[in-house]
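Worksheet: one structure, shown below.
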Amino acid sequence: MAASSASPSQAGMFLRILFKSLKVRRNRVAITFCSVAIGASIITALACVYFDISAKMSRELRTYGANFFIGPKAASGERSMGSQTGQAALQVIPPDKLIGASPYLYGLVRLDLGNAVLAGVDFPGLRRLSPYWQVEGEWISVSFDEDSCMVGKHLAKTMELKVGDSVNVMHAENGFQKRLTVKGIAETGQAEDDQIFVNLALAGKVLGVPGEVNHIMASVVSQGTDIDTLAAQLEREFPNLDAKPIRKVSYSDGKILDRIKGLMAIVAVIILSVTTLCVMTTLIAVVSERTREIGLMKAIGADDRGVVLQFLCEIMIIGVAGVTAGLGLGFLLAQVLGQAVFGSAITFRAVVLPVALIPSLLAALAAAALPVRMALGIVPARVLKDE
Amino acid sequence: MQKIVLETVGLTKRFGNVTPLDGIDMQVREGEWVAIMGPSGSGKTTMLNILSCLDTLSEGKYILDGIDTSQVSEKERVVVRREKIGLVFQQFHLVPYLTALENVMLAQYYHGMIDRDDAIEVLNRVGLSHRYDHLPSQLSGGEQQRVCIARALINQPAIILADEPTGNLDESNEQIILDFFKELHAEGRTIVLVTHNPELAEFADRTVRLHHGKVVQHAA
Ligand SMILES: Nc1ncnc2c1ncn2[C@@H]1O[C@H](COP(=O)(O)OP(=O)(O)OP(=O)(O)O)[C@@H](O)[C@H]1O
Ligand SMILES: [Mg+2]
């Protein structure tokens, strides 16, 4: 640059001092850059997850069972409804909010060794509704399989059934019977452990009520009270049906979510404080190192404004670079978190930008406050005479 | 008679119970070359720091070119120093990551007017014509001190305050710098030079001797 004979402008000289000063301290600059980048990336990742979590968490918690019930109006005294009506009612739930749903038709049947409750279901829907079932053998994968059944673990034990065995299912009153292969044995820890499951169509034939269902259970993604709105809408469109959220689960969803969000906010604040302290320590070391240089600059005519400007610009350059890198890293980190915790990608939301940027940059400035004061307090007469 | 550019009246400086300067009365006229001498610890550096507005006084008055420095704010003192005074320190204080040329231009930068050709010309004057792009660490002590002097001169200050500018130099470097001060004196600059070296003091118009913070002799 000395090869060019033009005089640098004031701004050019300012930048030259700035970059040479950063270059000569590249180790400290690197440490500060990394601290800011790591801090900002964690804040960004948490913010990404935070704003995406309601949907994701709710979906995740929904895998722990049904939270929505559709059945014939209780007041009408009906015990079942038409399967077509049930399917039509399900259409009211927006497809992107419906995790899974299955109709249920119950009845008492005779097996080889005793009586049991037969449940007719839609297996693909049931599987999405209850992914937590522990199944030995296999799930029945299609809804038209009329030769297989699944048996609850407790029932399998009393009936001495194993995967691959065949079992005779018979209705005591109408005498309909059919031999079925046990495809899977399910453990749920609940009433299902004592039931035998077949496809709805087959159950209709066995029980002599084809095309009927007792009720439908669904798993619906919900936030706040939108599930109540959904129930009301469904009942308006189908006056003969009852639709209601299964309250307890939805409520605790929200509570867990709030706690997790609170936890994330606390973690974010802690990370930010630690980063701020780390950056501050480095900057204090930098000011101590540069005491003489700053004293000299003051002695040859730098005023307070000049000293602060140079120092803050150095910090802001590192800060902006660090935060920018942190934003990118943070979004990647959010994807890793999303895959690990929710098994899905995290959507980037614009609100993350200010939420991550502003506190990160403020933290960098806060970290600079004390070092800048130290720099201003330097008395040239004192520091320049030290041997 | 030339006008008085530096005047102290009962100038006293205390650091706790140490009083390195105790009631100094001194006047320096425009274009005068004054040497300040005295044993180590007699208060020479303290005196020069106050004359250059790097430090404030505890008692008395210091009037610089008609301005009572104890009456003005710190900000204005910075401006006064920048506009009127060229400073040469006892140690060679240079910004370590800037080249010789950039160190000189730094003074221009704070002064608000950068002229590369001027900076090169002053470096040539102190005999560093081929050392512009060297960092201080690549220069000898004598060369570093000459950069400091170039920096002190770059803004054409009326007053040059130097604290043992040759204290750490060998004879040949001392001679270069002495010649340089002679030139500056001939140009009509006001010079206050702190030195231990009687030979250097000989070229001054007059010598002020300090002892335990008091003036013991004004010699012609
Ligand atoms: N900041 C300070 N705090 C306390 N005492 C100080 C301070 N600065 C200087 N002194 C004292 O003031 C006295 C004069 O110091 P000064 O540096 O002015 O001496 P000097 O004449 O320049 O000596 P030398 O020839 O060794 O450079 C010394 O006794 C020193 O200990
Ligand atoms: Mg001294």
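Cβ atoms here come from the backbone N, Cα and C positions, even for glycine.
The following features are taken from TrEMBL:
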- A:29-53: transmembrane segment (TRANSMEM)
- A:30-236: domain 'MacB-like periplasmic core' (DOMAIN)
- A:263-287: transmembrane segment (TRANSMEM)
- A:266-378: domain 'ABC3 transporter permease C-terminal' (DOMAIN)
- A:307-334: transmembrane segment (TRANSMEM)
- A:346-370: transmembrane segment (TRANSMEM)
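Tertiary proximity for the transmembrane segment (A:263-287) is limited to same-chain residues at least six positions away from its ends with a CB under 8 Å from its CB atoms, namely 25, 28, 31-32, 35-36, 38-39, 42-43, 46-47, 49-50, 53, 294, 311, 315, 359-360, 363-364, 366-368, 370-371, 374-375. In the domain 'ABC3 transporter permease C-terminal' (A:266-378), the DSSP tally of helix, strand and coil residues is 97 helix, 0 strand, 16 coil. Tertiary neighbourhood of the transmembrane segment (A:346-370): same-chain residues 36, 39-40, 43-44, 47-49, 51-52, 56, 268, 272, 275-277, 279-280, 283-284, 311-312, 315-316, 318-320, 322-323, 326-327, 330-331, 334-335, 337-338, selected by CB-CB distance under 8 Å and a gap of 6+ residues from either end. Outside the transmembrane segment (A:307-334), and at least 6 residues removed from its termini, the chain residues within Cβ reach (under 8 Å) are 14, 17-18, 21-22, 29, 32-45, 47-49, 52, 283, 287, 294, 297-298, 346, 348, 353, 356-357, 360-361, 364-365, 367-368, 371-372, 375-376.
When pLDDT is averaged over the domain 'MacB-like periplasmic core' (A:30-236), the result is 88.
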